[in-house]
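Asker: Below is a structure I'd like to ask you about.
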Amino acid sequence: MSTVHPIAPRTALFLPASNARAIEKARTLDADMVLLDLEDAVREEAKDDARAAAVSAVGQGFGARPCAIRVNGLGHSAHNADVAAIAESKADFAILPKAESAQSVALVASALQKPLLVMIETPLGVLNAADIAALPEVVGVIAGTNDLRAELHIPDNAPRDAIGVALQTIVLAARAHGCWALDGVFNALGDAEGLERECLAGRALGFDGKTLIHPNQIAVAARAFGPTDAEIEEARALIEAASGGAERFRDRMIEAMHVERARALLARVDGQAVLPCSR
Ligand SMILES: CC(C)(COP(=O)(O)OP(=O)(O)OC[C@H]1O[C@@H](n2cnc3c(N)ncnc32)[C@H](O)[C@@H]1OP(=O)(O)O)[C@@H](O)C(=O)NCCC(=O)NCCSC(=O)C[C@H](O)C(=O)O
Ligand SMILES: [Mg+2]
């Protein structure tokens, strides 16, 4: 798989593939990417219908937005049927939840024949994240923060620091292997300020964007993952001012690497592939 994928999404909206209204709504929304779920958001008795709906939805497409389908995990009775259907579908990406070992992910990847986003959301998955991200089919790594908290016995109301090592490990794995790093979902639907704080914290950790669960989260996350107008202005000024080696710029030291970062930031604004997953 040698396609260069578009820049990492800042906003990747999950919706249950069983929810026809949400599918229609997603076509009108401004998310960078649409993620149709067959796993936890879909009731057991609705799995077959949801799979058919997901295949049909990606067949119609989501305009210019890339779309992915999340399969049921290894060991679930719907897993094989999901994989077979998605392999034949027009989905741009597949998502594998609860990825735990490079060996098992490699088997699924070869059956899917799609660029793969893996969810790291178990202790074993975190410990093996780098090996999983190293697989050539893997183009992105997503933190599954609800499952992680549950598996680690961390109360829902404990601060995010409690999963800090896991989040950083996920970013490290993604960066080490040139993959996208997407942060986990924010469950509190009415808490825009909390969402913004969590997005900014995720960006500060190195995540490219955030997975979302509701339309009203899109604008907040897009803004937080930026770049902001101030960042754009500074990047332009820095490139203009820089002459090559170590020098002073607005009272701080910059070198060639800062110029490269500024160029990357501006290329992201222009929609060019800056953080491409070139697999
Ligand atoms: C969380 C929800 C169940 C809330 O649903 P509801 O209360 O019905 O939402 P609203 O009435 O506020 O909806 C307003 C309109 O917006 C549409 N809508 C809602 N959510 C979405 C969506 N995600 N995508 C597109 N459109 C959406 C409604 O249809 C309404 O439209 P209209 O009537 O036309 O105005 C619900 O938001 C939801 O199901 N969210 C997604 C849940 C999901 O996909 N979960 C799986 C991913 S989470 C995950 O991965 C966790 C991870 O594994 C981990 O371990 O952490
Ligand atoms: Mg999960």
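Cβ atoms here come from the backbone N, Cα and C positions, even for glycine.
Sequence annotations record features per position, and here TrEMBL assigns domain 'HpcH/HpaI aldolase/citrate lyase' to 10-215. The feature substrate binding site is assigned by TrEMBL to Arg70, Glu121. Per TrEMBL, Mg(2+) binding site is recorded for Glu121, Asp147.
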Asker: Please list, in sequence order, the residues in the chain of Asp147 (Mg(2+) binding site) that are at least six apart in sequence and whose C-beta is under 8 Å away from its C-beta.
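Answerer: Result: Pro97, Lys98, Met119, Glu121, Thr122.
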Asker: Within 10 Å of its Cβ, which one of these binding-site residues (Arg70, Glu121) has the largest number of other Cβ atoms?
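Answerer: Result of the Cβ crowding comparison: Arg70.
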Asker: Over the domain 'HpcH/HpaI aldolase/citrate lyase' (10-215), what is the model's average pLDDT?
Answerer: 97
